[in-house]
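The annotation transmembrane segment is assigned in Swiss-Prot to 1-21, 32-52, 62-82, 97-117, 133-153, 165-185, 187-207, 242-262, 282-302, 335-355, 377-397 on the grounds of sequence analysis.
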Amino acid sequence: MYFLLNLVGLIVIMAVVFLCSPQKKKIKWRPIITLIVLELLITWFMLGTKVGSWAIGKIGDFFTWLIACASDGIAFAFPSVMANETVDFFFSALLPIIFIVTFFDILTYFGILPWLIDKIGWVISKASRLPKLESFFSIQMMFLGNTEALAVIRQQLTVLSNNRLLTFGLMSMSSISGSIIGSYLSMVPATYVFTAIPLNCLNALIIANLLNPVHVPEDEDIIYTPPKEEKKDFFSTISNSMLVGMNMVIVILAMVIGYVALTSAVNGILGVFVHGLTIQTIFAYLFSPFAFLLGLPVHDAMYVAQLMGMKLATNEFVAMLDLKNNLKSLPPHTVAVATTFLTSFANFSTVGMIYGTYNSILDGEKSTVIGRNVWKLLVSGIAVSLLSAAIVGLFVW
């Protein structure tokens, strides 16, 4: 029964996004169907085969090694803290970001990461027959994050139509950054994090093409290659990366503290008017129909709906910390669906980040395309997360 409900949920999510599209007649269904089939194959391979499980295990081992290397550096600075059996969130999840950012920048410095993005993007473009730039951007998001991926293609953004600019804004809602993965792994199961990442990239293409279908003539389907800037020396690069990583840690820490405190304050105010009413309860009821359609029993659906609302209103870290404390009491399907949904940057603050990035890259008139379509960005981010969760849910019971 719950499997059929999960399958119906997949169809309902697509149908709701289709109804939200203002240009239904322009939608090209062949690329969308191709990508859905590709996603089902990827999910089956990663979750349903021994080779896929082995591959996820090896990727997980690699990130565990990265975190262990980062922990050595943290232990040098904070030996007494790292000697404890239980280490606080700041030390276990946030400080490793400094080293992981540096590591990914080293891969970029030597051309390894750009090569991977180029090859995978080419495969996606050929398989889906979608524009090259959009296909490459979906892969860039998987490694770099939304603002960084937008910065990489900033020269091309300046000459794109408003319609295509909106497409990149919609896709940016579902990004993730390779440097943050280690933090996720300290809170939720690696298997579902690594499965969610490629699904989010492909679903970002699907949802963007449903909400904002764009026709790109063949002569315009090109990727602008800017002239190579003078390369900084290696040690200047990694030193700058470490500072960038520390800045990310401070920003995330500030947001987590601020949002948790704000949630507590809002709950206190709500409790004055209605005894026991919390923002988590409100979100649980708002998102429960969608959570129920992911094949969850009523009790679990209410809890996952609460996590969905927390992620949208605050960020994925706050929601993952809550999920971490309840993992042992939840069945595998619920854990898989919840983890997959939470693995992305889709929330209100991300809209502000995307708008700010567009403002810094484009002139005032073009950058307003984001401000005029905030609701589409939110629909895109939520729909991509729901779609990824629904697909993973089909394979985990």
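Placed from the backbone N, Cα and C atoms, the Cβ positions cover glycine too.
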The transmembrane segment (377-397) touching the transmembrane segment (187-207) per 3+ Cβ pairs under 8 Å rule: yes
Beyond the flanks of the transmembrane segment (242-262) by 6 or more, those residues with Cβ under 8 Å of it: 89-90, 94-95, 97-102, 105, 179, 183, 313-315, 317-318, 321, 349
